[in-house]
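Q: Here's a structure for you.
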Amino acid sequence: MVSIRPDEISSILKQQITDYDQSVSVSNVGTVLQIGDGIARIYGLDQVMAGELLEFEDGTEGIALNLEDDNVGAVLMGEALGVQEGSNVKSTGKIASVPVGEAMQGRVVNPLGQPIDGKGEIPTSDTRLIEEMAPGIIKRRSVHEPMQTGITSIDAMIPVGRGQRELIIGDRQTGKSAIAIDTIINQKGQDVVCVYVAIGQKSASVANVVEVLREKGALDYTIVVSAGASEAAALQYLAPYTGAAIAEHFMYQGKATLVIYDDLTKQAQAYRQMSLLLRRPPGREAYPGDVFYCHSRLLERAAKLSDDMGGGSMTALPIIETQAGDVSAYIPTNVISITDGQIFLSADLFNSGLRPAINVGISVSRVGGAAQTKAIKKIAGTLKLELAQFDELAAFSQFASDLDEATQQQLERGKRLRELLKQAQFSPLNLAEQVAVVYAGVKGLIDEVPVEDVTKFAAELREYLKLNKAEFIEEILKEKKLNDGLEATLKEVIKEVKSSMLATV
């Protein structure tokens, strides 16, 4: 028979009483009234913030967007197949945040910061709120450093500076994404962290972009945020803010960052879908009234910080798709008014064989001129004007039979300048190569070269400089100026390449 030991029993009871935890966890729980089309109506969530994360029974997350008298309208970030009417919903007390940090580089994540590239978890403990206030006036300084895209026509005529917002706008299939990806590739070795946000794109297209970046060695300093076409509208809406939050982390550490939003038209459409399903009143083109604020609060986060704040920068290249070149539609005009300039891509120029198909006449950079390097500013001053005049003259000359010699000469030079600015995809040029090519065209040194051989001449000129005049390239890249000595060298090189080429033609 087992002997009972009262002292042992009493000590156990005392221990239980001592360890008894009286704390009570209170959670704010509601009930799903209605669900469908990625929207849930919830009753009973009294203490909930606008934009707060909600947790459904099956683990799906949602965001509270509509706070009404008797219910809360929430958007679902997932398929939510397990959520039914009558299911419980819990408020988390948190606003959406994403992981940030060095470990994110080279990875592909979804808008919640979860890896989707099959390489395992991301080892980072730092997080940042998706929605952050943009830095104020005192925290900023004016744009003064160049963000070289590697595309001659942009760096010479529509220069982009670090901290600028430059819109890339054009019809579908005119090379908008190609310009953005070229810019990322050109940042190799520049200590710039790049974030590519793909919104509503085909998964195959995103996989293709990731593969190109990997081949070119650009994925090591790039983070890809992808919300595919098959994802919930809420995720497509959140993706740009996630990209901005990831880049902001590096910006506040004093680094230069570049963010591509490809494209904000799809984000606006996702936001319109959510808003209409939430029964918000529609405005122009059925977009909600605050779609301007949706884009402005995103793009205002791009900045060049003051030296007191570490001097970091976030350069934003938002992309907008137009319908049949209509830049006066609602979303294009909104984003044009928010940004510091736009690069307009023309379908007609693209189809005529001009790549990149930049329409120089209506493309502009409002602040990038201050950031342009002296070398290219010195020689490219007249380039934009000459090309704009060439476009007008070319249109006029179709109706005129006899043109005077000066007009004829201007047309011939315009044709050569346009040929010089043609550039293959994924092959950005460094500053020295751009200076050499633009100098040859603007100074009229290739007026004798047949138009059809101009592209070949530009390639041979760049090759000659690399092989025989490496010191010229080094000097330009280091000093970023074209002094008299370098100019004389360049003239000699152009003369030599031209004579050897004309001899073989």
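A Cβ is built for glycine as well, from the same backbone N, Cα and C atoms used for every other residue.
Remember, predicted model here, so these are calculated numbers, not experimental data.
Feature list, courtesy of Swiss-Prot:
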type	residues	note
BINDING	Gly170, Asp171, Arg172, Gln173, Thr174, Gly175, Lys176, Ser177	ATP binding site
SITE	Ser363	site 'Required for activity'
Q: May I ask which residues of the same chain, at least 6 positions away in sequence, place their Cβ under 8 angstroms from the Cβ of Ser177 (ATP binding site)?
A: Val209, Asp262, Ile319
Q: Which residues, in sequence order, are found in the same chain with Cβ within 8 Å of the centroid defined by the Cβ atoms of Gly170, Asp171, Arg172, Gln173, Thr174, Gly175, Lys176, Ser177 at the ATP site, excluding those residues themselves?
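A: Apart from Gly170, Asp171, Arg172, Gln173, Thr174, Gly175, Lys176, Ser177, the close residues are Glu321, Leu345, Ala347, Phe350.
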Q: Drop a 10 Å sphere on every Cβ of the recorded positions Gln173, Thr174, Ser363 and tell me which sphere holds the fewest other Cβ atoms.
A: Gln173
Q: Under 8 Å Cβ-Cβ from Lys176 (ATP binding site), six or more apart in the same chain: what's there?
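A: Lys176 (ATP binding site) has long-range Cβ partners Ile168, Ile169, Gly170, Asp262, Asp263, Ile319, Glu321, Leu345.
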Q: If you run the three-state DSSP split on Gln173 (ATP binding site), which class comes out?
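A: Going by the DSSP assignment, Gln173 (ATP binding site) belongs to neither helix nor strand, so it counts as coil.
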Q: On a count of neighbouring CB atoms within 10 A, which of the binding-site residues Gly170, Gly175 is highest?
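A: Counting every other Cβ within 10 Å of each candidate, the maximum falls on Gly170.
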Q: So, in DSSP terms, is Ser363 (site 'Required for activity') helix, strand, or coil?
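A: In the DSSP reduction, Ser363 (site 'Required for activity') maps to coil.
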Q: Rounded to the nearest Å, what's the C-alpha distance separating Ser363 (site 'Required for activity') and Gln173 (ATP binding site)? Just drop the number here, would you?
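A: Their Cα atoms are separated by 18 Å.
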Q: What's the number of neighbouring CB atoms sitting within 10 A of the CB on Arg172 (ATP binding site)?
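A: For Arg172 (ATP binding site), the count of other Cβ atoms within 10 Å is 11.
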